[in-house]
Amino acid sequence: MRLHVADHPLIAHKLTLLRDVETPSATFRQLVEELVTLLAYEATRDVRTEPRDIVTPVAPTTGTHLAAPKPMVVPILRAGLGMLEGMSRLLPTAEVGFLGLQRDEETLQAITYANRLPDDLSGRQCYVLDPMLATGGTLVASIDYLFERGATDVTCICLLAAPEGIATVEQHVGERADVRVVVAAVDERLNEKGYIVPGLGDAGDRLYGVV
Ligand SMILES: O=P(O)(O)OC[C@H]1O[C@H](OP(=O)(O)OP(=O)(O)O)[C@H](O)[C@@H]1O
Ligand SMILES: O=c1cc[nH]c(=O)[nH]1
Ligand SMILES: [Mg+2]
């Protein structure tokens with residue numbers, strides 16, 4: 001696994017606003033979109049492209065075009081849904097698959113309640129969206145769903161990660177360079193309830209309200 005921590009003053013600024021308990025939902029949603037756009041810049045560094053001949057008003061030239069097959073973007077419901085619009089804007093040709101996973105608050109095990117992915121993902125570059133990488137259980141299960149369908153090239157975009165979660169994903173996928181995790185920041189630790197410290201609280205609740 002390759003880890004990339006996006007170190008940029010704009011990202012740090014927006015992340016600080018996002019963490020602030022006083023930030024209302026509407027602003028939180030806007031910040032999540034802006035952050036994913038900034039992270040996507042790094043996360044799509046290896047997106048496959050092909051040359052394309054075009055004619056500008058001045059001269060013919062060869063440009064660059066996103067290559068087939070179309071990339072697959074996979075938001076992890078609920079909280080990952082908040083990152084979808086920002087990512088789709090940057091990757092307009094991408095298709096979208098959905099995974100719904102929820103952590104049991106007692107056991108911290110991820111339970112899958114929705115799975116809407118194509119059966120065959122071989123050759124597809126996959127981009128998993130989930131703002132929080134805490135114990136890593138959710139991300140490991142999500143990556144496995146993609147591997148089971150033949151995906152090999154998987155990039156996970158998270159806003160915050162705990163060192164424990166990064167270690168879990170790293171252990172699970174091993175040395176392979178075609179699995180990447182791009183994060184805005186790695187925080188200190190998990191607390192006894194499995195929340196990232198200092199973190200930002202429950203990302204799903206802050207985006208969409210407590211259910
Ligand atoms: O690394 P883990 O310990 O597995 O935790 C991370 C998961 O927890 C949150 O989802 P949650 O279960 O709260 O569901 P939600 O998005 O519906 O709020 C978050 O969005 C991740 O999916
Ligand atoms: O801190 C955390 C940990 C898991 N899920 C969240 O939404 N926040
Ligand atoms: Mg939640």
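Placement of Cβ uses the backbone N, Cα and C atoms for every residue, glycine included.
Feature annotation from TrEMBL assigns domain 'Phosphoribosyltransferase' to 5-209.
For R78, R103, D130, P131, M132, L133, A134, T135, G136, G137, T138, D202, the entry in TrEMBL reads 5-phospho-alpha-D-ribose 1-diphosphate binding site. With a cut-off of 8 Å between CB atoms and residues at least 6 apart in sequence, the same chain places G100, G204, L207, Y208 near R78 (5-phospho-alpha-D-ribose 1-diphosphate binding site), listed in sequence order.
Annotation comment: TrEMBL describes I196, G201, D202, A203 as uracil binding site. Counting Cβ atoms from all protein chains shown, D202 (uracil binding site) has 16 others lying within 10 Å of its own Cβ. Secondary structure at D202 (uracil binding site), as computed by DSSP, is coil.
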* To do: Check the Cα-Cα distances from D202 (uracil binding site) to the binding-site residues D130, M132, A134, G136, T138 and tell me which is shortest.
  => M132
* Asked: From the Cα of A134 (5-phospho-alpha-D-ribose 1-diphosphate binding site) across to the Cα of I196 (uracil binding site), what is the distance in angstrom?
  -> 6
* Average the per-residue pLDDT over the domain 'Phosphoribosyltransferase' (5-209) and send me the rounded value. => 97
* If you run the three-state DSSP split on T138 (5-phospho-alpha-D-ribose 1-diphosphate binding site), which class comes out? -> helix
* Structure fact -> Among D130, M132, A134, G136, T138, i.e. the binding-site residues, the one with its Cα nearest that of A203 (uracil binding site) is M132
* Asked: ligand 3: which of the binding-site residues M132, A134, G136, I196 have a Cβ closer than 6 angstroms to it?
  -> none
